[in-house]
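S.K.: Below you'll find the structure I mean.
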């Protein structure tokens with residue numbers, strides 16, 4: 001990537017827009033591709049993304065575009081902020097244009113049919129591309145408002161990590177590197193499920209003890225699952241694990257938290273998602289995670305409980321009683337204690 005080349009951001013949502021602005025602040029020309037010509041024109045004219053990031057000025061160095069072919073041909077570094085359901089359809093026709101380029105996934109989701117993470121799908125679509133992920137406790141609005149923020153870029157490709165750090169690292173945004181791409185990405189996807197539970201707990205005024213218990217047991221549960229799939233447990237003690245889990249389970253700005261809060265207020269799942277007006281990846285992740293956990297025989301009582309409420313007709317009180325009456329397990333069972341006194 002030369003200094004003259006623009007950087008691409010694929011996706012017109014809140015996070016894609018926040019990252020596009022960060023890149024622009026760091027001196028890059030940015031091509032932000034989106035499917036909706038009306039949205040692109042609105043941003044072009046008003047310098048604001050009113051649908052997803054109202055009140056935040058989009059910098060003049062960010063050019064909203066709708067020609068994906070020209071965008072991919074012009075850029076070597078491409079940030080992919082597309083919904084998980086759209087990834088294959090958008091990128092599959094452009095394999096030749098993506099060969100050898102750096103593709104960095106910003107999407108925290110899991111494909112329903114295959115249980116593949118977004119970077120794994122990118123790898124499948126474009127085997128010759130250089131793949132990375134960006135994940136961490138990163139609420140889009142706070143990034144856009146310049147709240148002090150840290151994130152993790154993960155890839156086996158050290159040079160890619162360095163390129164992303166150079167592109168994004170700034171006065172309010174700190175970028176750490178990791179070679180555990182799978183663990184970093186899995187943490188970002190799994191925590192969305194627990195944010196729904198946390199939002200429900202707050203809406204029902206369950207108290208601080210309960211919220212703390214839920215977040216801590218969620219960390220144990222998601223790490224237990226991730227380790228069973230080959231992830232490094234230490235990844236989950238960092239920004240992409242416990243860091244992301246805390247912010248997503250604590251903030252009303254989190255989309256999945258908002259869905260959970262609406263459910264706790266008595267709305268149906270359909271009404272909660274409609275009220276949000278954006279994709280809440282946690283709902284889709286819950287479905288596939290429940291099946292996968294059963295398949296690999298990993299104990300995930302919070303996942304099973306939320307699934308029972310949303311899709312099996314169980315009441316919240318029934319699930320809470322079952323969870324509290326279950327046999328207590330070991331507190332921290334996902335990290336080997338070998339070598340410790």
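Cβ coordinates are placed from backbone N, Cα and C, and glycine is handled just like the others.
Residues annotated as active site, proton acceptor in Swiss-Prot: 191. Marked as NADPH binding site by Swiss-Prot on the basis of sequence analysis: 14, 15, 35, 108, 140, 255, 279, 281. Feature annotation from Swiss-Prot assigns sn-glycerol 3-phosphate binding site to 108, 136, 191, 244, 254, 255, 256.
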S.K.: Measure between the Cα atoms of every pair in 108, 136, 191, 244, 254, 255, 256, the residues the record assigns to sn-glycerol 3-phosphate, and report the largest value in Å, rounded to a whole number.
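M.R.: Maximum Cα-Cα distance: 15 Å.
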S.K.: Here's one to test understanding: among the recorded positions 136, 191, 254, 256, whose C-alpha is closest in space to the C-alpha of residue 14 (NADPH binding site)?
M.R.: 254
S.K.: Taking Cα-Cα distance, which of the binding-site residues 244, 254, 256 are within 10 Å of residue 108 (NADPH binding site)?
M.R.: none
S.K.: Sorry to bug you, but what's the C-alpha spacing from residue 191 (active site, proton acceptor) to residue 136 (sn-glycerol 3-phosphate binding site), rounded to the closest Å?
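M.R.: Rounded to the nearest whole number, the Cα-Cα distance is 11 Å.
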S.K.: To the nearest whole angstrom, state the Cα distance for the pair residue 191 (active site, proton acceptor) and residue 255 (NADPH binding site).
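M.R.: Between the Cα atoms of residue 191 (active site, proton acceptor) and residue 255 (NADPH binding site), the distance comes to 12 Å.
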S.K.: Counting every protein chain present, what is the number of Cβ atoms, excluding its own, within 10 Å of the Cβ of residue 244 (sn-glycerol 3-phosphate binding site)?
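M.R.: Within a 10 Å radius of the Cβ of residue 244 (sn-glycerol 3-phosphate binding site) lie 27 other Cβ atoms.
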S.K.: So, in DSSP terms, is residue 15 (NADPH binding site) helix, strand, or coil?
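M.R.: In the DSSP reduction, residue 15 (NADPH binding site) maps to helix.
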